[in-house]
């Protein structure tokens, strides 16, 4: 008779222990040996099922991305903004504790206040010229937008300081540590995620080529690494990401570099990809592509063997630059994925989310893209974009810093100067 209570208590104790040890769906085991025992895709029994799910999701993503490329620059920018919001949501949720936030109403709203302040600052700097060009036909709207751009830095700073004061006023005695941890976590997200991915938008408006080629190379590298590792992977590459293999890494590197050279030739033939977008419209683009996208003749001569069918080739100068992008995409950009793998292991999760079947969350797919976007922007500004003052650069400064009356006064003074030059020198351009 006395054993029944003890047996029921044992059962309840075991149930409690079972509940306490239950792991979430995206949590990984802390036993390194067990994790390493199922590392390679070659020995994975369920690899064909996971490959089918992953392929299905990939086809949908590539199809949707191709549609947005067809629609134009503005739609791709909207896609980037949506991706940034999803990434921020996934990362904000990593350190949230429901028990703490019940005592802090409105604390999540503060995180998003900082996020959208950073968005306003970044895109205001990157897209000021395009925004002004879009509204230049409307005098009233033009003056309003010009004023907002002129004081944009002050507005963003005021918004940030208001968020800072808001944070101080919401501090509570029993949640100091949690609140400051969330404050630091929010700023890290803005720095490592939002700031980097915003370079993608700058690449888009410099010419879709400088966005599409780097992004495509990351996708090609990811797919090639998966396939080479799936069928040939035997040698583990790095402990942070146990399923990565040397065979997949080397095979993907060769595939990516060759693809970069060929894709640059294909994309460089379309003005839709090569012309920069100077406003926020969605119309068709026409421009002089410049020498970078004009094929140059190379005569192979004695360099080519007799059996080689081509004795001369035509190569765009941008194709040589594409090799540098391909090299970075295959050698350096994967370390963004390794960083994300180590980050996930630190938090004991498998994926950042589950929004993409077979891939995980949005952040899982954008880790390498962020690293590549920054490099593509810096490479373009360093080696492609002209370093001297151009008409577009001067006009950008005029539109950003001068009022409408000042711009009209400058126009009149330039007209007088040109008129005096014509009278004094009788320039042919004036005739």
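Note that the numbers count up from 1, one per residue, in the order the chain is shown.
Each residue, glycine too, has its Cβ placed from N, Cα and C.
Unlike curated entries, TrEMBL annotations are predicted automatically.
Feature annotations, reproduced from TrEMBL:
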TRANSMEM  51-70  transmembrane segment
TRANSMEM  76-95  transmembrane segment
TRANSMEM  107-128  transmembrane segment
TRANSMEM  148-171  transmembrane segment
TRANSMEM  183-205  transmembrane segment
TRANSMEM  211-233  transmembrane segment
TRANSMEM  245-264  transmembrane segment
TRANSMEM  318-340  transmembrane segment
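Between the transmembrane segment (318-340) and the stretches 51-70, 107-128, 183-205, 245-264, it is 245-264 that has the most C-beta pairs under 8 angstroms. Only sequence-distant pairs (6 or more apart) were considered; of these, at least three Cβ pairs between the transmembrane segment (76-95) and the transmembrane segment (183-205) are under 8 A, so the stretches are in contact. Within the same chain, residues 104, 106-107, 110, 113-114, 117, 120-121, 124-125, 128, 131-132, 179, 183, 400-401 sit at least 6 positions outside the transmembrane segment (148-171) and bring their C-beta atoms closer than 8 Å to a C-beta of that stretch. Distant neighbours of the transmembrane segment (107-128): 81, 84-85, 88, 92, 96, 101, 149, 152-153, 155-156, 159-160, 162-163, 166-167, 170, 179, 182, 186-187, 189-190, 194-195, 198, 201-202, 205, 280, 396, 399-400; these residues of the same chain sit at least 6 beyond its ends, with a Cβ under 8 Å from one of its Cβ atoms. Listed by sequence, the residues of this chain that lie at least six past the ends of the transmembrane segment (211-233) yet keep a Cβ under 8 A from its Cβ atoms are 40-42, 47, 51, 54, 58, 62, 69, 76, 200, 203-204, 243-245, 247-253, 255-256, 259-260, 263-264, 267, 273, 322, 325-326, 329-330, 333-334, 368-369, 372-373, 375-376. Long-range neighbours of the transmembrane segment (183-205) within the same chain, counting only residues 6 or more positions beyond its ends whose Cβ lies under 8 Å from a Cβ of the stretch, are 73, 76-77, 80, 83-84, 87-88, 91-92, 94-95, 111, 114-115, 118-119, 122-123, 126-127, 130, 167, 211, 214-215, 276-278, 363, 366, 369-371, 373-374, 376-377, 380.
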